[in-house]
Amino acid sequence: MPEDAVSCSAPKANTPGVWAVNASNGETLEGYYFAPDEDYPVPGKCAPCAGLAGTGKVCGGVVGSSPNFQLVDCPGGQTCPSASTARECPSGYYCRKGFTDPMACSWSQSCPAGADERAPGAGAGIMAAVILLLTLAMWLVFTRIKNKTNQRATLRVELSAEAESGDRAGAAGGAAAVGAAGAAEGGDASIAIDFHGLSMTLKSTGQPVLEGVSGSFPAGALAAVMGPSGGGKTTFMNALCGRADYGHVTGDIFINGHPGGVGDFPSLVGFVPQDDILFSDLTVFEALYFNALLRLPLAMRHKAKVAVVRQVLDTLEVGHIQHAVIGDEARRGISGGQKKRVSIGLELTAAPRVLFMDEPTSGLDGAAALQLARCIRKLGAAGITVVCVIHQPRFAVFNAFTHLLLLGKGGRTVYCGETGNMRPYLEGIGFRYSEGENVADWMIDVVSGESARYDGDRVDDTFAVPEGLFARWAGRAATGQPELSGEGGKPADRVTPGFRQQFVIMFRRCGVQFRLAKLMGMMAMFAFLGVMGGLLGGLEAITQFFGKNIGAAHNASGALFVMVSAFPGYTLLAPEQLPFRRERSAGVSMPAYFLAKQCFNILDIVIPTLVYVVCAWLLSFPDLPFGDMLLIYVGLSVYCTGIGVLIGALFSGNVGLLLTVIAPAELFNFFSGILIPLRDFPAPLFWLAHLGPGLWFMEAVTVCTFREWPAAMQADPAVRKLNLDDTGFAGRFDAGWGAPAYFGIFCLLGCAFRLEAAVLMHHLPKVPQYRSQVQRAWARVTGSAHRFHASKEEEVEHKRSVDAIASVAV
């Protein structure tokens, strides 16, 4: 208690205009206040008001009709240079309740004389106009990129007389322009494949799934791989083309008579998966065009690459839908048969010399299957060696193939040779064909034991299927030395675009994928939550409740922002997991793809964040300057989108969507210091909190706001203790940290999440259909066989959920 405090008595609390009196002599204690607060807890004592200068407190009677002896906050709209003086807040400033000095308004605010808060001024309209102009500018730029790309679809490519032979072949050479790429690289136009004793056992169980398969596919052959379920058809193709990472493969493979493997020249090989894995937001031409730019030889001229795309469109009979968006189950696009041909076209635009297709007729109706059969014949005419896994094709499709590999249950050979010789071979060992029956169906019935073997006119019940078929073929193969199907030059892998060129191509593709409607939906969602955050932050009840606790007042706005700010990062990779992994398996650079997506994601970070901050700032007008607030929130967005990118690289479907909302919000709330004070955290958790967004956000807004407060308020021990000392923020405040420093911290942590995502993407399997170890671990944790990369149904539901969230408030 101050030495000049005296014993006093006070009138009734509701008596205005009366001072307390000295208890010893009855004199009026003018300029004294009675039992002010916890610093003077003893009733019956009064202290002089003069000692309150600069604390934001004044003696009663100075303002309003409060009793003179009471201690009150300096009212809003007035300045209180001393405890006995209150003046109207000057124009261009605002005076908060409980603050001694006025605070200046910014260019975007309106502050008339006597203002206790700021109102939007002309600058607010300028901010809104800037956002609209930025959005319009982006739309114009990316529309121009998209239009320029699509113009190439209708451009008549006229090659000059001086064009190189490879370029000329690219314009006129066959279905996939094999001659263009082959001539450009100086290699053979076709490839022959021989395989001897090809076997495979699963790494996980050691179970054999392929055993001693031998045969050959001559150059330019159209080879069908057929057999019953469990016959190892897809396993054989994966082993042959080097995609069987899940098993141990043994045996010999020869390419044009030279020992080696298909995987030795990946740029000359195309692989069409069973599912139509495509970029659903591109048109047919855009998908083929960008694939050609990424995979055709670097030395090949651009006009020749466009010519290859045009030839593929014509060959696959999809030229009439080249400007149609591919679409998916959640957004209507082209038909299933057309998607299958576009999927094949992606590989043909790479001008392969060997093309593998996994059940290309799966899910197609009769008409679509016939169209596909015509396309397959054209591929053979172009000299491409085609290997297809086929399941129960109709006769027209089966008849398109020149060679056949027939496998039995367990992955052993029943027949390998020309398709036309298969029926005579099976009839020669006692099986009877009924005229008019589909040869392909009859063949499968024989291998499955559904067709009887005859010994003369008697059914041979002693012949075991498929063991007898295996033994017959093995005995035939053992009668002579295997001959190589072709001798030729050893293929040389092409020089395709490198990291820098692929980065530019994929960044351009991001621009073509840009959709204004998607951005507007994102902006609407952020604007809606920004309005909510601004209204909550500007409520008088909120400001009075938290008083001078800066971090607590900003917590609601920050928590709302964190709930949605990871979403742009998640949608960056999650919808493209399978299409990208298909590209990567074809040799496309993962770092180039990842970096291009991250660079383009800057727009998804800055624009929605700017919308949120403008809405929240104009409605609440915190003491935090707009520039500092924008920088802090952009940094927070970089951090949260980094988490979204990491989740999107690992998960998709509803699980990924749920994690994107929950993970950043929980990290923010738990480590913000609001639920549990930071000083109560044990040491390990306290340091772990430095990796979360909550601590850095709270410190950033507290330090930057506190620095804006008047010097008298900063010097108030109680205020400093509440905001800096108790929270542990004092050290960096005294060191002069500001918004740029915290922006750097957020960016560093956000980049760390992105780097982790890139490392995980690099180590995930290249082939889409095989689950990773992380996926299996997740299935064990959840107790289910939920697919790590979502099934078709999950993908549909996921896309619908994404569209619903992105279009909220539109």
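Cβ atoms here come from the backbone N, Cα and C positions, even for glycine.
Per-residue pLDDT, averaged across the domain 'ABC transporter' (193-434), gives 88. The domain 'ABC transporter' annotation in TrEMBL covers 193-434.
The transmembrane segment feature in TrEMBL is assigned to 121-142 (among others). Beyond the transmembrane segment (121-142), the same-chain residues lying 6 or more positions past its ends with a Cβ under 8 Å from any Cβ of the stretch are 105-110, 511-512, 514, 516, 519-520, 523, 603, 607, 610-611, 614, 618.
Annotation source TrEMBL lists transmembrane segment at 516-536 (among others).
The annotation transmembrane segment is assigned in TrEMBL to 556-573 (among others).
Taken from TrEMBL, the feature transmembrane segment applies to 594-619 (among others).
Annotated transmembrane segment per TrEMBL: 631-651 (among others), in sequence order.
The annotation transmembrane segment is assigned in TrEMBL to 658-678 (among others). Beyond the transmembrane segment (658-678), the same-chain residues lying 6 or more positions past its ends with a Cβ under 8 Å from any Cβ of the stretch are 551-552, 555, 558-559, 562-567, 569-570, 640, 643-644, 647-648, 651, 686, 688-689, 692-695, 697-698, 726-728.
Residues annotated as transmembrane segment in TrEMBL: 741-761 (among others).
Remote same-chain partners of the transmembrane segment (594-619), defined as residues 6 or more beyond its termini with a Cβ less than 8 Å from a stretch Cβ, comprise 108, 120, 124, 127-128, 131, 134-135, 138, 503, 506-507, 509-511, 514, 519, 522-523, 525-527, 529-531, 533-535, 537-538, 557, 561, 565, 568-569, 572-573, 626, 629-630, 633-634, 637-638, 641, 645, 754, 757-758, 761. Sequence-remote contacts of a segment are chain residues at least 6 beyond its ends whose Cβ falls under 8 Å from one of its Cβ atoms, and for the transmembrane segment (741-761) they are 573, 590-591, 594, 598, 631-632, 634-636, 638-643, 645-646, 648-650, 691, 693, 696, 699-700, 703-704, 732, 774.
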